[in-house]
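Chemist: This is the structure I want to talk about, given as structure tokens.
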Amino acid sequence: MVVKSALVFVVVAVLLTYYCNEPVPPDIAHPTQFASFGVVMRTVWNMAILGEYLGIGTEPQNLRYILGSLIGAAQRVKGTSYREGLDCRDTMFNRVRVRVYEPVSVAKSGAKVPGLVYIHGGGWIMLSVDVFDELTARVAKELGIVVVSVEYRLAPEHVFPAAFDDCVAATKFFLQNAELYNVDRTRVGISGDSSGGNLAAAVTLALAKEKGLPKLKTQALIYPALQALDFNTPSYIDHGHLNTLSKEKMISYWLWYLNNDSSFKEVFGANNHTSEQLKKSQYAGYVDHKMVRPNLRPKVVTPVKKESIKFPEIPNIATILDPRFAPLMADDDDLKDLPPTFVMTCEYDVLRDDGVMYATRLRKAGVRVEHDHYERAFHGFLPQNDVNEVAETAVQNYISYLKKNL
Ligand SMILES: *[C@@H]1O[C@H](CO)[C@@H](O)[C@H](O)[C@H]1NC(C)=O
Ligand SMILES: *[C@@H]1O[C@H](CO)[C@@H](O)[C@H](O)[C@H]1NC(C)=O
């Protein structure tokens, strides 16, 4: 009995210490929630690493399994009553699994409504359409539109460009067959969060060049990951220690998606994956810190042909300049044809500057941009809108942007 109580005491003390050591920005909205989220992420990562060490699955497989189970359990408690009034179907678009949300009223009336392709986040390696079911259902219902949520293939089992190819294939199918879903093909937008924001931006760039397809009406990017060239942007430097999404973990995600070779984590973290020549090229200008810190002098760059850029010996490394992988690497000429764009960013997010830079460059290229920034929020805060009023405001602003721009 005494031994048991002592054990419980030790476990509680360890957890509490763990919890109290969580870095919490002083002005964050809902500090307790932020700290809990950080502790959960840190614990899940440590379990995933321990699992790999013990020979139970690889780190990304374990992350996928543990987070998937936790979120699945929470969702089962909550139920799916939010789906009422929607017809939700799992089907295939061009051999890609998708979930289609169609308001019952739309099917009944037969009127043509707008459509939205949604691409979920999860570092390209985990999560699913299920995890974002409530958000995608809400968008379909509140706007009376058809939403298609894409179950693209995940890394590292499927490295780049698998996820990109799936999202392009599904989006094209939707545009080509819009009428089958009572959708007006000239009013289809695309959206995604985090790695899904990366994929949504990449698909938008690719389809802007595509002939014989209706143009996407808008792209709405929620704290997107847009570049793997510079891991020392001000937001990586200022917020790379936060466990909600640390610099180290973000680099792990990029590497699983790029080549499944995590041995380059430190090299990337030190920006040693790019040559001096590349650091002075136009690509460095695409991530110029001046876009975030206006008092800096603009970076002096020398245009270089992509083919002549040298890289260290790292598998697939030239891919970091491919806009299908990293949309912020698109040339100005490719940006100017993009549709009106919504970019949501949070202050406490290593990806903040990816979003800020993309918004800045798109505006400069003449694209209409709405940039929605949340000073007291963190990466991944959106699905916590039940208990975080800043997140609920963000969801409402996102939906009202879509309402006006689809
Ligand atoms: C990814 O790399 C890890 C570590 O080298 C390896 O164990 C795993 O099998 C690889 N995964 C895939 C899908 O290739
Ligand atoms: C990065 O490169 C610098 C300069 O060559 C070197 O001093 C440093 O050790 C490297 N760091 C890593 C992690 O590769």
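Including glycine, each Cβ sits where the backbone N, Cα and C put it.
Heads up, here are the entries from TrEMBL:
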{"type": "ACT_SITE", "residues": "S194", "note": "active site"}
{"type": "ACT_SITE", "residues": "D349", "note": "active site"}
{"type": "ACT_SITE", "residues": "H379", "note": "active site"}
{"type": "DOMAIN", "residues": "116-264", "note": "domain 'Alpha/beta hydrolase fold-3'"}
{"type": "DOMAIN", "residues": "319-382", "note": "domain 'Alpha/beta hydrolase fold-3'"}
{"type": "SIGNAL", "residues": "1-21", "note": "signal peptide"}
Chemist: Cβ under 8 Å, sequence separation of at least 6 from the ends of the signal peptide (1-21): give me the contacting residues as numbers and ranges.
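Modeler: Apart from its flanks, the signal peptide (1-21) reaches 35-36, 39, 42-43.
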Chemist: Rounded to a whole angstrom, what is the C-alpha distance between S194 (active site) and D349 (active site)?
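Modeler: Cα-Cα, rounded: 11 Å.
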Chemist: Between D349 (active site) and H379 (active site), what is the CA-CA distance rounded to a whole number of Å?
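Modeler: Given the Cα positions, D349 (active site) is 5 Å from H379 (active site).
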Chemist: If I restrict to non-local contacts, at least six residues apart, and a C-beta distance under 8 angstroms, what lies near H379 (active site) in its own chain?
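Modeler: Counting only residues 6 or more apart in sequence, the Cβ neighbours of H379 (active site) under 8 Å are S194, Y223, L242, T244, L245, C346, Y348, D349, V350, L351.
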Chemist: Reported in the order helix, strand, coil, what are the DSSP residue counts of the domain 'Alpha/beta hydrolase fold-3' (319-382)?
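Modeler: Per DSSP, the residues of the domain 'Alpha/beta hydrolase fold-3' (319-382) fall into 24 helix, 18 strand, 22 coil.
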Chemist: Summarise the model confidence on the domain 'Alpha/beta hydrolase fold-3' (116-264) as a single mean pLDDT, whole number.
Modeler: 98
Chemist: Please give me the CB contact count at 10 A for S194 (active site), counting all chains in the structure.
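Modeler: Other Cβ atoms found within 10 Å: 27.
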